[in-house]
Amino acid sequence: MRKFDISFIKAGWGLTREYWRSTERWLAGGLLAAIVALNLGDVYLLVRLNEWNNGFYNALQRYDQKAFFGALGTFSILAGIYILVAVYELYFQQMLEIRWRRWMTEHYLQNWLRKQHYYRMQLQNNGSDNPDQRISEDIRLFVSSTLTLSLGLLKAVVTLISFTAILWNLSGVLTIPLAQGKVAIPGYMVWTAAGYAILGTWLTAKIGRPLVKLNFNQQRYEADFRFSLVRLRENSESVAFYQGESQEESNFTGRFKKTFENFYKLMKRQKRLTWFTSCYGQIAIIFPFLVAAPRFFSRQIQLGGLVQTASAFGKVQDSLSFFVSSYASLAEWKAVLNRLVGFNQQIDSIESSREQTAFQFIAGNEPQFTVSGLKVGLPNGAILFDNFELKLRKGDSLLITGPSGSGKSTLMRTFAGIWPFSEGKVSIPRGEKILFLPQKPYLPLGTLREVLLYPYGTGTAADDRLKEILSQCQLEELIPYLDTVENWSQLLSLGEQQRIAFGRALLHQPQWLFLDEATSALDEPLERTMYGLLQTKLKDLTIVSIGHRQTLLALHQLRLHIDKRSPLHFSDARQSGEIPRYSRRSTAS
Ligand SMILES: Nc1ncnc2c1ncn2[C@@H]1O[C@H](COP(=O)(O)OP(=O)(O)OP(=O)(O)O)[C@@H](O)[C@H]1O
């Protein structure tokens, strides 16, 4: 038999603990105390209602009208309190749930965004699929299920203790005649309820075990399907140009097929479990009457006693069967837990690989941008550059050229310190501003002002300055839309987006600017204008550009040509001064 694994409880506690130690712990603790108190009040009311059964049914049996109406009055009071408790129990639970979720979401978001984990996760993806889903869906499910299940468990335990005592007193002694005399079993109803629940729990665990994995997969397939739909929305124009609808459709249906097939398996397994739990629940209604009937027919107890005993039996059996009734939720909770733990483990593994890597990205005291002993690889282990050296001084302008796929952008990623498959040292002058304009201009969602000021946020530049920059980048027509929210990356042409990127450089005034094919969509005069702006408006700016165009040569003093088939080639148009050092695998020519 497989060993019962409780490590998930430890993992669950690991995730839960952080919130209960956070700055919100006092308020959260207060809310939890209120919910627990209401929960206990709930159980107390159940005990009172159980006693009420006795009086009410005995009154009916005695045809005692006064006692009957008296019992109805008691019931009204109990029911009123019960309603009040139920309303506030849910209200406080939801309040705690949303606060806890907010805290966890912020915590996960910070972890995901910190040190570019979102980027590395994508590059080093070994198991953490769809982090967006983990942050939105899984946290929500985790918080709500943890609360529901743990409060359910608490209620079950308190109910069990209260009603076991009641049932023990009510059930009397069962005497079984044997050949050599009689055996008396005190509290036999309690033993019967326990036996019934233990059998049910064991069978439920046996039938329901595969649900954990099925739930895990279901959530993953759902997220994959949703992600593919979002991708189409983001790339609708390209797909429309290609008329790629049928390919997209087969991709969607392929992904949905997995969701469908897994759901079918889930459904079948759940059907088996429901067969069992429903039978179990129905038998549980009649079972206590059957067990208590001998004492009723032998007139040891009255109708009220029978109903009260049956109800107490039901409660004991019900609380003992907590596992049976919650198995499906428990399976889902465990799947969610595995996904969140997987997310954390992936971040830990990124952190430890970062510690082990021999790459240093530092702010140095030297006034130059220095690259030394650089080795750049790919995830598959291939090496793009080895022993690469480069030194750039203030005011230099370097153009990196080379055939497509030769590694120019990857080199730029390494210069930015974001490429995890590198070794060596990159040093930028301390305290100086460095800006990278990537190949794909990124325009966030929001107003044009936010787009232009990205990533420094609004309020960092006056309106006049923004307008001036838009004019300089020949984007005057956008001035009236500074505060308009649009999907700008879909609305603006690629050339306009690239000019927005230049606008950002003018605004943020970096001393070191790296451009990866940042003018590929501009015509040549506009390209010249943009570079002219950088040179006139940004003093002592050092520029490193990647590009294919010949026209870029005239705009840079230095050139580095990369080609996998030959050594790096460096040329200096100034023909004077100190030449930056460079090399790769072989000596430079
Ligand atoms: N995330 C990645 N995973 C695996 N391989 C990658 C990844 N990114 C880049 N590569 C590979 O690294 C090589 C260099 O790519 P890179 O984008 O640096 O080339 P490039 O010279 O900038 O090309 P282009 O001029 O077409 O933009 C290519 O063979 C590419 O397939």
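Every residue, even glycine, has its Cβ placed from backbone N, Cα and C.
Per TrEMBL, these features apply:
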- 26-47: transmembrane segment (TRANSMEM)
- 27-332: domain 'ABC transmembrane type-1' (DOMAIN)
- 67-92: transmembrane segment (TRANSMEM)
- 141-168: transmembrane segment (TRANSMEM)
- 188-205: transmembrane segment (TRANSMEM)
- 273-293: transmembrane segment (TRANSMEM)
- 369-589: domain 'ABC transporter' (DOMAIN)
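Taken as a whole, the domain 'ABC transporter' (369-589) shows an average pLDDT of 85 in this prediction. Proximity of the transmembrane segment (26-47) to the transmembrane segment (141-168) is established through 3 or more Cβ-Cβ distances under 8 Å for residue pairs spaced 6 or more apart. Outside the transmembrane segment (67-92) by six or more residues, the chain places 31, 34-35, 38-39, 41-42, 45, 48-49, 52, 55-56, 58-60 with a CB less than 8 A from a CB of the stretch. Within the same chain, residues 164, 167-168, 170-174, 273, 276-277, 280, 284, 287-288, 291-292, 309, 312-313, 316-317, 320-321, 323-324, 327 sit at least 6 positions outside the transmembrane segment (188-205) and bring their C-beta atoms closer than 8 Å to a C-beta of that stretch.
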